[in-house]
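Handing you a structure now.
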Amino acid sequence: MKTLMVFDFDHTIVDDNCDTWVIQSTPNKCLPVSLAKTYQKGRWTEYMGRVMSYIGDQNVTPESIRSVMTTIPFTDGMVELFTFISRHKNDIECIIISDANTLFIDWVLQGAGIRPAFDKVFSNPGSIDSRGYVTVQCYHSHDCIKCPINMCKRKILEDFLEHQDKAGVKYARTIYIGDGGNDLCPLKCMREEDIAMPRKGFTLERLLLAGVETKDGTPLKPRVLAWSSATEILNELKALIQ
Ligand SMILES: [Mg+2]
Ligand SMILES: [Zn+2]
């Protein structure tokens, strides 16, 4: 049985946030205050739609947005980790569940030559419209009260595991790697044999240290292993599969 690795993207695979990094593609490398003020809590994807429409209005082409996106820095050790994963696809399946968008994620991964490490990317669908503007849609709707309206990562993970199970695919273990508050919900559907890997010093680790319980009041099941560099994730992975 394979190991399933599930990655968040912003501040996990890359050491920044795609949605703020893209602002560097504007002529003044900043947004007008009037636009920045339109963000409403829990409505990030709609806000990004307005940001991308502003960037399009500045005559910034998709090609130049793409070249700016490929300069986003990777977190320490990540490129090496994904190079290893690419070479061990018989043992490892690897997916991304991210609240960024599919277009930016593909651009960044292709830029570094590591797209083949990933079997699937679950994110808000990004595309380029007929005007050459980047557009972003909400990923799905769900009924989880803990998560932002456009994305519950637990629902995505549960649906994926169920889909795989129906196709006869079971995993020896799932390893979840993330940093943010929205990476907590998916840990609630994980098993004893699974591993939760929060990035040290970020929100998810703080939430886990505070002690989180599942809906029925039992503690989270997966073992928790915090990391600072992806080299630590690579070493853990090597020990598990070799
Ligand atoms: Mg993140
Ligand atoms: Zn949720």
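Positions of Cβ are set from backbone N, Cα and C atoms, glycine also.
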Using only what TrEMBL says about Mg(2+) binding by D8, D10, identify which of D179, D194 is listed for that site too.
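Site partner of D8, D10 for Mg(2+), according to TrEMBL: D179.
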List the other residues in this chain whose Cβ sits within 8 Å of the Cβ centroid of the Mg(2+) site residues D8, D10, D179, in sequence order.
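For the Mg(2+) site the neighbour list reads F9, H11, T12, I13, S98, G178, G180, D183, R199, F202.
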Indicate whether D8 (active site, nucleophile) is helix, strand or coil by DSSP.
coil
Round to a whole number and give the Cα-to-Cα distance in Å for the pair D179 (Mg(2+) binding site) and D10 (active site, proton donor).
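Rounded to a whole number, the Cα-Cα distance is 8 Å.
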For the C-alpha pair, I'd like the distance in angstrom between D8 (active site, nucleophile) and D19 (substrate binding site), rounded off.
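Cα-Cα, rounded: 14 Å.
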